[in-house]
């Protein structure tokens, strides 16, 4: 059959991979890892990456799911050279190939009713036979062409299908185990397994990276490709991702959607780094830049074993990237979280200033955004436990002394603020804790925060002094 590419295929491209999600839900972490492996293998081999949306399930596919998949891919920065292509826009092409297959005797119309097929299955089960179509319609000519029918692929009945899976090694399946697959439904729509074959053929896909749940589809697809005279791609079926309890990853293990991880405050660099390690590695190395992944990744090195998703490990990686990426890059992502939590970050220090200060305690950008409120918003409430411990009447004197000395500062620096705290403790003959803890609670409303000299510097002089005075007034009201 004549190859009809969708785009000008570069004959020098030795590797062309694809990611082909179905838009029936969000982009989950398993799909994201498959996309990543496929993308990395293409980049490692100076190849091309194709994005295809397999939306033949008209009842379950939604525009919202398509948008979510595209958003997830863009957030992960997995750019594609070709696409996105939609199967629903290619029905004419699929049916053209099916009609040619019928003409060439590679496929045939099947007019069997549901009742006949159910009776056939029941009879085969009673006789301990594997349920399969008996080719009753293969040589039938009594039905009019326009009578309701499906189209079946005429699968070979002898021999075996053998392929060398890049992850799992040699896989061999007898053709006697395979049925005559329906490739076009009664309503005229082509079926998933057939669309995939034509797409991979038309798009010049050389390597198919996908989940192990597709292994059973592979021999059927290979037989169709052979019938069409099309090249057979290399297949790589990666294992599932389990939760840390060994069960298949699901919502009960926490977030499973890529964009949920964005919402929870994870950086795309952290999630990408974590996903690549779920089944692949390079020695004991844990941290990989994108450039290192591209240079080192090999699909043949991916493990056959299922991987366990460990949220604590992801959090560790995320904190690493928050602290090690250029602060301006992290700030760009943090802006989204600040807006989501209603924090006007234009009214205070630059985000690039607070990130190094808060990242020692925060593992996610969500935590960082929430922890930053006191830099931008007035303190309206105090932590109750901290109040009981640090806002006793004797805290008034060090707070008042602090306010007096801080007001006199002409140069609002970390060093000068620290010196004021030390002088206050010395003059009142008290420990630094008796100064620092009430000071912290007054300025942040919290019992814990970064060092108070740095915190006060970022909060600003006027706000700091105002909050100290508010705290003194609060202590008076509590002890009337």
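Cβ coordinates are placed from backbone N, Cα and C, and glycine is handled just like the others.
Range 248-252 is the one annotated as motif ''KMSKS' region', of 243-247, 248-252, 253-257 (source: Swiss-Prot). In Swiss-Prot, the feature motif ''HIGH' region' is placed on 21-31, out of the ranges 10-20, 21-31. There are 7 other CB atoms within 10 A of the CB of residue 139 (Zn(2+) binding site), with all protein chains counted.
Taking the mean position of the Cβ atoms of 110, 112, 137, 139 as the Zn(2+) site, the remaining same-chain residues with a Cβ inside 8 Å of that point are 108, 109, 111, 135, 136, 138, 140, 152. Cβ neighbours of residue 110 (Zn(2+) binding site) (same chain, under 8 Å, six or more residues apart in sequence): 133, 136, 137, 149, 150, 151, 152, 180, 182. Within the same chain, the residues at least 6 positions away from residue 112 (Zn(2+) binding site) whose Cβ sits under 8 Å from its Cβ are 120, 133, 136, 137, listed in sequence order.
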